[in-house]
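As given in TrEMBL:
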- 179-481: domain 'Phosphofructokinase' (DOMAIN)
- GLY186, ARG250, GLY251, GLY275, ASN276, GLY277, THR278: ATP binding site (BINDING)
- ASN276: Mg(2+) binding site (BINDING)
- GLY277: site 'Important for substrate specificity' (SITE)
- THR304, ILE305, ASP306, MET349, GLY350, ARG351, GLU405, TYR457, MET458, ILE459, ARG460: substrate binding site (BINDING)
- ASP306: active site, proton acceptor (ACT_SITE)
Amino acid sequence: MDSLSPVIGQRLTLPARASATPRLCDRSFLFRSIIIGGASRKFPRIRVKAVTNKLGSYSSSIDFSDPDWKSKYQKDFEARFNIPHLTDVFPNAVSYPSTFCLKMRTPVTEEFAGGYPSDEAWHGYINNNDRVLLKVIHFSSPTSAGAECIDPGCTWVEQWVHRAGPREKIYFKPEEVKAAIVTCGGLCPGLNDVIRQVVITLEIYGVKKIVGIPFGYRGFSDQDLAEMPLSRKVVQNVHLSGGSLLGVSRGGPTVSEIVDRMEDRGINMLFVLGGNGTHAGANAIHDECRRRKMKVAVVGVPKTIDNDIMLMDKTFGFDTAVEEAQRAINSAYIEAHSAYRGIGVVKLMGRSSGFIAMQASLASGQIDICLIPEVPFNLHGPHGVLTHLKYLLATKGSAVVCVAEGAGQNHLEKTNAKDASGNIVLGDIGVHIQQEIKKYFKEMGAPADVKYIDPTYMIRACRANASDGILCTVLGQNAVHGAFAGYSGITVGICNTHYVYFPIPEVISQPRTVDPNSRMWHRCLTSTGQPDFL
């Protein structure tokens, strides 16, 4: 589905500022003596690269000599992050008083059949002008760790995004709504939690017609796949198990075919759960509905276990993945620690982003080497991974390696194969590292006992933990609030601990990745003590 593929933008960076004199804290100038096979030698410890900073998407077109560049940038930002509304296409669209309120609660006795006294004092609606600050750190220099600057001087520019939540006025009559939910891509902890909350919140608004589209976008075109009627009774306990009640798949029909089916079935609210590619599809559906002047709200809920969606604190399923990864890491540690010259290798999810591997390594405290897609490494050579493993066996007797699935793909034979979502099929870096370790130590005449663990499908299929359960609950509720408020072509996320609405194009412009100069990656390096493998 080429039309559903996100456009990946280029990240702009400033050149690093040169330093004439090495500083004591610059680890490229720190050396350590180690003993390998009775020989003493020195090699550089962890080398921290000079800090670069990320610029805004449109920074390259800004004339910083213009005294009004800051106000122009803010106006441009506001235009980009303005969320689409039904009134953009239907200026005379009628609004109605919201049917979402605390009075929807079921009273215990008839005494409060008309509502509780506290209902009258309830101020639970969000004003349309409420905003959340996108960036909260004022970097004083582009050389600050993790600096994200708009201009070379790191000028502070306030960037505000729309606050999520229920509005006092709604643009759909609940009795006229037919809402559909679709889950696309791969499995992720929390899918059922989001489905459940979307259904429950729709019913609180008064919606009676709620359906699930089976097996992703494919469910719109496959005649053998019937809609699944949904209600609170159907979804009440679905969050107690992993997977997706509706099923998942990749790929599907064209955008035009999907919108045709929506029109035929009378669907005027669509909730799409998926990652970057799925959201690109949701945005294309939104655009097609607008082109046809259909009064439809299309709202996304970002689902990516890799945590690679731009601008958000995190996506649902990520916390669960990090927590479950601890089990695999601990097993690898026990196996390695209990064996003579034992090495444990754990491969975790992360096609282009190493967030799971990084945070799982940091949380476990048992990882000696963490390898992620954002940081290149050599396996062989005097400063390679294998040489460091040799050092670890000589000094500790065992070692544990954590590698993200997308790391080190340059060490593997490339293929042109792609999955149904258009993603390049990755080589198995975990198996490759396992084999290279065995081969390296065997050729030395001192074999290592290597244990390899890949918990990918165990993690994907498990139930969401408490943290993700809360996140899924609020995301599901706010998705419905956004749709009833008349917004479309948006996704809901958490930004600086607050829930917000983003226009879909802004979150799919490029995947979110680990910044090798971020404080979190530095913390991971401090925990593992690993050198640069260059």
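Cβ coordinates are placed from backbone N, Cα and C, and glycine is handled just like the others.
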* Could you round the CA separation between MET458 (substrate binding site) and THR278 (ATP binding site) to a whole angstrom and send it over? => 23
* Structure fact -> Of the binding-site residues listed (GLY251, GLY275), the greatest number of other CB atoms within 10 A surrounds the CB of GLY275
* Taking the residues the record says bind substrate (THR304, ILE305, ASP306, MET349, GLY350, ARG351, GLU405, TYR457, MET458, ILE459, ARG460), how far apart in Å are the two Cα atoms that sit farthest from each other? -> 17
* **Among GLY186, GLY350 [binding-site residues], residue with fewest other Cβ within 10 Å** => GLY186
* Which of these binding-site residues is closest to GLY275 (ATP binding site) if you go by CA atoms: ASP306, GLU405, ARG460? -> ASP306
* Return the member of ASP306, GLY350, ARG460 nearest to GLY186 (ATP binding site) in space, with distance defined Cα to Cα and candidates limited to these binding-site residues. => ARG460
* **Candidate with sparsest Cβ neighbourhood (10 Å radius) among ASP306, GLU405, the listed binding-site residues** => GLU405
* Structure fact -> So THR278 (ATP binding site), by the Cβ count within 10 Å over all chains shown, scores 29
* Rounded distance in angstrom between the Cα atoms of GLY277 (ATP binding site) and ASP306 (substrate binding site) -> 13
* **C-beta crowding around THR304 (substrate binding site), within 10 angstroms** => 28
* To do: Select one residue from ARG250, ASN276, GLY277, MET458, ARG460: among these binding-site residues, choose the one with the most other Cβ atoms within 10 Å of its Cβ.
  => ASN276
* Asked: Looking at the binding-site residues ARG250, GLY251, ASN276, THR278, which has the shortest Cα distance to ASP306 (substrate binding site)?
  -> ASN276
* Entries of THR304, GLY350, GLU405, ARG460 which, being binding-site residues, have CA atoms within 10 angstroms of ASN276 (ATP binding site) -> THR304
* Structure fact -> Rounded to a whole number of Å, the separation of the Cα atoms of THR304 (substrate binding site) and ARG250 (ATP binding site) comes to 14
